[in-house]
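Enquirer: Dropping the structure in here first, questions after.
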Amino acid sequence: MQQTLPNIKDFTKPELIRAITSLGEPAYRAAQLHQWLFSHRTRSFDDITIINLALRQKLSSIYSIRTATLDDCRQEYRDDHEIPTTKFLVRMHDDETVEAVLIPAENRITACISSQAGCSLHCSFCATGKTGFRRNLTSGEMTDQVFLLNDHLAEHYGQTITNIVFMGMGEPLLNMTHVLDAIETLSNHNYRYSLSQRKISISTAGIIPQIDLLARLPHKVKLAVSLHSAIQTNRESIMPAAREYPLPALKKSLAEYNRLSGQPVTLVYMLLRDINDSPEDAKALVKFAKSLFCKINLIDYNAIVNIKFKPVYTGKSELFLRSLLDSGLQVTVRKSHGASINAACGQLVTESRLHLPEEPH
């Protein structure tokens, strides 16, 4: 069987420059090629008429151009939105699958995309960790997710993605080179699809060395930290990575991020019944957040099959919220999206190994 040629879209932009210059071509040829791949979204070297025939033939002999595809989707309509929350199964060129979600809200439509196939952090409330870590995604595979979801949105609803969050499967800061390269592509104002970096967020479990590095880079993306508990032993019990990145060190890192970037941090706190919803938990969160330039995003838990956690009762979550507000913290409450379609990360990939229903019409 003939060996598949490497996918040229798997290169970061610096890697693409090195590949093209190694063929004796000037670096600007790589910039032209990159624009055709990620702005024009060409699928054949023959279409790239801005470069000469000899180079097109050379590239065709050593590289392929392959694109991810939408394999399936599930939708959940809400009364206050014309556009449903839609969860997609995205198939990569090697048949690896990840998840991406379109989330409508007032005045915005957010694409939640994956940065890894699986995850190595094994957060106990997350379905992705149950699938294990398989590989990092390339920057091209991340941009493909955005383009595919944007195409779906344009075709069915005549709208476009307004925000992007790297909050799907995987830990973005453990694949930082390709995540940042994808962000550079998605925010290139010379490309057909372009979004301000201020409309792009990276969500992390709190990988301190990479947070420190991100603070020193010129990118203007937003940072969200999955906190989920401000009590160290409790956080370790639901997020094993917290043992390596303890709360005092994390708080110091976030304060430095505030200072160097001038940007606030979002602390994401998912309420879990009888796990992190007590008055003591609220007090610990207030103490952790009080001196930081931050806002807190409280979210409901989407129940996951074969995982023990449960959503918090409404009355208890309201008391928790009131404790934070009374302490002067800025808090937003994110209502649960996609409960009926298993929108929590990792569930659709797990189910895809068995059977998926046809896309609703």
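Keep in mind that glycine also has a Cβ here, set from the backbone N, Cα and C atoms.
As the structure is a computational prediction, the values presented were derived from the model and not from experiment.
Annotations per Swiss-Prot:
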type	residues	note
ACT_SITE	GLU99	active site, proton acceptor
ACT_SITE	CYS345	active site, S-methylcysteine intermediate
BINDING	GLY170, GLU171, SER203, SER226, LEU227, HIS228, ASN302	S-adenosyl-L-methionine binding site
DISULFID	CYS112-CYS345	disulfide bond
DOMAIN	105-340	domain 'Radical SAM core'
Enquirer: What count of other C-beta atoms do you get within 10 angstroms of the C-beta of SER203 (S-adenosyl-L-methionine binding site), across all chains shown?
Expert: 21
Enquirer: Over the residue list GLY170, GLU171, SER203, SER226, LEU227, HIS228, ASN302, recorded for S-adenosyl-L-methionine, what is the maximum interresidue Cα distance in Å?
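Expert: Per the listed residues, the maximum Cα distance equals 19 Å.
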Enquirer: Roughly how many angstrom lie between the C-alpha atoms of the residue listed as 'active site, proton acceptor' and GLY170 (S-adenosyl-L-methionine binding site)?
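Expert: Answer for this pair: 10 Å between alpha carbons.
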Enquirer: What count of other C-beta atoms do you get within 10 angstroms of the C-beta of ASN302 (S-adenosyl-L-methionine binding site), across all chains shown?
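Expert: Around the Cβ of ASN302 (S-adenosyl-L-methionine binding site), 21 other Cβ atoms lie within 10 Å.
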Enquirer: So, in DSSP terms, is ASN302 (S-adenosyl-L-methionine binding site) helix, strand, or coil?
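Expert: Assignment for ASN302 (S-adenosyl-L-methionine binding site) reads coil.
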Enquirer: Whole-number Å distance between the CA of CYS112 (disulfide bond) and the CA of LEU227 (S-adenosyl-L-methionine binding site)?
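Expert: The Cα atom of CYS112 (disulfide bond) is 19 Å away from the Cα atom of LEU227 (S-adenosyl-L-methionine binding site).
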Enquirer: Restricting to the chain of SER226 (S-adenosyl-L-methionine binding site) and a gap of 6 or more, list residues whose Cβ falls under 8 Å of its Cβ, or answer none.
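Expert: Result: CYS123, SER203, THR204, ALA205, GLY206, MET239, VAL268, MET270.
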Enquirer: Near HIS228 (S-adenosyl-L-methionine binding site), which residues of its chain come within a Cβ-Cβ distance under 8 Å, counting only those 6 or more away in sequence?
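Expert: Correct list: PHE125, ARG235, ILE238, MET239, VAL268, TYR269, MET270, LEU272, ASN276.
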Enquirer: In which DSSP state, out of helix, strand and coil, do we find HIS228 (S-adenosyl-L-methionine binding site)?
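Expert: Coil, per DSSP.
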